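Novice: Please find one structure pasted underneath; my questions will follow.
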């Protein structure tokens, strides 16, 4: 028991001893080096999104990756920096440590300047605090087995959200692309305000920075297209991003772009690793909402991609263990001043396509980052930030292709298309944090909306089969089906649809029955031998997620329209059939003209494949009696119809038989 618990909590202890060096080692080595090379430019670039110095992007590509190697269950996803997570972190750091809080007077220029050292230090504290808290949320959710929460993040919601977040990423990089310094806005509509501010500052564009940006973007696009063209001929993709930052760094160093043309560069990159630091507890209250949003988004992206690879290669990804693995990666990473991580689709695809077979590939990519951080990082101090911004913008082309989801969803499912568009707009307008909450709420509303507008149909039997579809009806039997589960919110609409399909106004019938009951009481002594008590009993049962509406009452009906009356819930059927023929005198004032009247008993036939648990609950609730017996329960619609046909043939007036399924 203890051993199995340990192996489940620390998966590396179960698979690493069985690691096949002969089959997996070479592929994992090549894959690890390839992904590690990608981690370098992406880590530095996404650090700009998080509004922290680039070196902290390298830290975030090292510590969390090692933690996930130990506790993660997916063999193919590449853990590390991710654009959507980084821009969410950037919103937090810039809100807590805005430039305006760090303005100092410069006696040389006689103007105010930003104390970037103090500002960056505070932003790193904020990023570490929100990352640590998001990790704690993920661990807590994993411990309480809350991994199923990802099922509420539908694919249209996730794709619409990431597309909306990509717009925030693009806008956040415009200042590096044009070499301008727009004001920082926060809260709803901040994206629009930022775009307007950028447009206002366009006349102040730094031409040198703009040239670097254009050359970098064009070069990266052409190189990636070449990579795609040669993908089948090359064992591993060409590391175009690494080549780009090397070339840009050399040119910047030789030409002195910073001094001559005012091109902003990365600046000092300290060698070595940072010592662990206790996160700033004082900031927790300010970032708790952001931390929860980060925990949900990061987990949703990672588990979605992890399940895709698991299905493709035939292994299982434990959703709750993934929560714990990501939580430990973030919480421990926060102690080492990392910012929140998830998995990157581009790196994951490279890890898979270059031969990666296990989590060892991820660990080897972390070793590559460690080597760069310790000995090579300082060589990139002259790298223009515009090049890192270009890398980010070009890498977003995959997310921009998600706009093609809209016409596809229009053809397949218009409500899903509405979820996609609403999520995108809410994310753009309200920012990624509030946008996520609003999007989930909207998605839940669409679920309720779908139950409010189900499809109702009358079923018939497919000839020579036991299959029932909306075809020609069974003679003498009406089968009514609803596509949604019946519950309190749609019960009234269900009744209206039932009446429309059957041609019977159920409300009017019940009202008339109440009037008849009142009149019967006044004539009770005189008509006691000929009249039976007329009553309506409505019983609501809830069993195994099904809400069953059972109407059991005495009903007076006319033969000419009795076979039109039906009551049905998706998997329930009700049978009306004649029992005791009589014509009570007190019905003479009733507005219907009766020719042949029957006293009918309503019998429930509950259609459910596995009725054992339902039957037990019905017995506990005292449902069964001498009129409603267990024999009224059937496992299929066909069995119920056969029973009804048998009952019709045995009745005195077979044409009066009415069945509802």
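Cβ atoms are placed via backbone N, Cα and C, with glycine included.
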Novice: Give the range, chosen from 205-222, 259-276, 457-474, that TrEMBL lists as transmembrane segment.
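Specialist: Going through 205-222, 259-276, 457-474 one by one, TrEMBL gives transmembrane segment for 205-222.
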Novice: State the residue range annotated as transmembrane segment by TrEMBL; the candidates are 185-202, 383-400, 401-418, 491-508.
Specialist: 383-400
Novice: With the ranges 323-347, 623-647 to choose from, which does TrEMBL describe as transmembrane segment?
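Specialist: Residues 323-347 are the ones TrEMBL records as transmembrane segment.
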Novice: For the feature transmembrane segment as recorded in TrEMBL, pick the matching range from 535-556, 557-578.
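Specialist: That would be 535-556, the stretch labelled transmembrane segment in TrEMBL.
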Novice: Need the matching range: TrEMBL marks transmembrane segment on one of 104-128, 129-153, and I'd like to know which.
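Specialist: Comparing 104-128, 129-153 with TrEMBL, transmembrane segment matches 129-153.
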Novice: Labelled transmembrane segment by TrEMBL, one stretch among 20-45, 46-71. Can you tell me which?
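Specialist: That would be 46-71, per the transmembrane segment entry in TrEMBL.
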Novice: Output the single range from 46-71, 205-222, 234-255, 383-400 maximising the number of Cβ pairs under 8 Å to the transmembrane segment (323-347).
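Specialist: Most contacts with the transmembrane segment (323-347): 46-71.
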Novice: Mean pLDDT across the domain 'SLC26A/SulP transporter' (27-423), rounded to an integer, is what?
Specialist: 89
Novice: Short question: which residues 6 or more past the ends of the transmembrane segment (420-449) have a Cβ under 8 Å from it?
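Specialist: Same-chain residues near the transmembrane segment (420-449) but 6 or more away: 84, 87-88, 91, 152-154, 156-157, 159-161, 163-165, 167-168, 186-192, 289-290, 293, 296-297, 405-406, 409, 489.
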